[in-house]
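Peer 1: OK, TrEMBL features for this one:
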{"type": "REGION", "residues": "1-31", "note": "region 'Disordered'"}
{"type": "TRANSMEM", "residues": "38-60", "note": "transmembrane segment"}
{"type": "DOMAIN", "residues": "120-257", "note": "domain 'Peptidase S54 rhomboid'"}
{"type": "TRANSMEM", "residues": "129-150", "note": "transmembrane segment"}
{"type": "TRANSMEM", "residues": "157-178", "note": "transmembrane segment"}
{"type": "TRANSMEM", "residues": "184-203", "note": "transmembrane segment"}
{"type": "TRANSMEM", "residues": "215-233", "note": "transmembrane segment"}
{"type": "TRANSMEM", "residues": "239-257", "note": "transmembrane segment"}
{"type": "TRANSMEM", "residues": "285-307", "note": "transmembrane segment"}
Amino acid sequence: MAAAARFDVEQGGRGGEGKYPPPPPEQMYPQREGEREWVPWFVPVVVAVNIALFAVVMYVNNCPTHAASTRRGGGGACVARGFLHRFAFQPLSENPLLGPSSAALQKLGALVWDKVVPERQGWRLLTCIWLHAGVVHLLANMLSLVLIGLRLEQQFGYVRIGVIYIVSGVGGSVLSSLFTRNNISVGASGALFGLLGAMLSELFTNWTIYSNKAAALATLLVVIAINLAIGILPHVDNFAHIGGFLTGFLLGFIFLMRPHYGWMQRYVRPSDIKYTTKKYLPYQWVLLAVASVLAVLGFAVGMGMLFKGVNANDHCQWCHYLSCVPTSRWSCGK
């Protein structure tokens with residue numbers, strides 16, 4: 001997926017509002033319980049784990065040995081065999097992303113419908129988000145995670161961002177399994193789209209503390225649209241992207257709610273002025289309640305349909321175009 005950076009648009013909400021002018025940005029949100037700036041460690045750990053697991057997959061893949069034993073082009077067909085030895089990549093004709101074989105990915109937990117449903121290996125819904133199809137795939141996702149995730153973790157902490165990341169990844173896996181049966185799926189893209197979705201809902205639920213609201217919303221929507229548009233190319237699991245995005249969008253209302261602008265101002269007004277407004281506005285609680293209900297229902301229905309063996313394509317004849325649009329240059333396959 002394309003990398004996306006979070007704009008720091010929280011510059012004091014409605015500038016000039018009220019009797020007291022807004023303070024400089026560095027004083028707007030002083031460090032205090034619930035509003036401190038966190039030191040990010042979850043995102044760096046996730047990056048390190050993904051890189052380590054990719055190395056494990058390549059070790060298990062062992063292209064030179066397996067290629068020679070199956071006589072598919074001989075061991076010399078492996079990319080960078082002389083330099084990487086056992087960690088050499090599969091032939092480019094098999095995997096142009098510089099990575100392992102599909103067999104190695106399946107062995108270590110890739111998302112495969114035949115394994116998840118008939119064989120009841122539901123754990124693959126989680127493990128697949130930690131695997132990647134190649135170096136190109138891995139670098140693109142990890143760069144995106146650093147650009148998106150570090151800023152979010154600094155603002156909201158590792159617990160909330162960690163929950164959104166992992167649950168969104170599983171949500172993407174569920175939707176992917178409902179629509180895709182003939183291909184394997186790996187990658188953190190669903191979880192990354194969950195963070196994008198959470199950024200959007202965070203903007204809505206914390207609307208009062210943002211300045212330049214239209215610019216922030218337009219920028220974020222463009223980034224999301226570009227990333228989703230990439231998903232209509234062949235060999236990209238856009239259902240995982242969409243499922244992760246919708247999950248993260250709902251979770252953002254639940255976990256990323258912040259005190260409204262008026263409450264923030266109480267920390268920069270004279271101490272002799274009493275401020276009695278509530279910390280959160282009614283609409284924020286309404287959004288939280290609605291999102292909670294939809295998230296629980298969505299997961300319950302999705303899981304139920306998945307393990308009953310329902311093929312979602314039978315109920316939505318056009319939905320396959322959300323993941324791949326055939327053109328004169330490529331076909332989407334079956």
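Glycine too: its Cβ is placed from the backbone N, Cα and C atoms.
In TrEMBL, annotation is done automatically, which means it is predicted and not curated.
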Peer 1: Counting Cβ pairs closer than 8 Å, which of 129-150, 157-178, 215-233 has the most of them with the transmembrane segment (239-257)?
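Peer 2: Counting Cβ pairs under 8 Å, the winner is 157-178.
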Peer 1: Against which stretches of its own chain does the transmembrane segment (285-307) lie, if we need a Cβ under 8 Å and a gap of at least six residues from its ends?
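Peer 2: Same-chain contacts beyond the ends: 116-117, 120, 122, 171, 174-175, 177-178, 201, 204-205, 246-247, 250-254, 257.
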Peer 1: Using DSSP, how many residues of the domain 'Peptidase S54 rhomboid' (120-257) fall into helix, strand and coil, respectively?
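Peer 2: Taking each residue of the domain 'Peptidase S54 rhomboid' (120-257) in turn, the totals are 107 helix, 1 strand, 30 coil.
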Peer 1: Taking every residue in the domain 'Peptidase S54 rhomboid' (120-257), what is their average pLDDT?
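Peer 2: A mean pLDDT of 91 is what the model gives the domain 'Peptidase S54 rhomboid' (120-257).
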Peer 1: Would you kindly list the residues that approach the transmembrane segment (38-60) from elsewhere in its chain, counting only those six or more residues past its ends and only Cβ-Cβ distances under 8 Å?
Peer 2: 84, 86-87, 89, 99-100, 104-105, 107-108, 130-132, 135, 138, 141-142, 145-146, 149-150, 153-158, 161-162, 165, 188
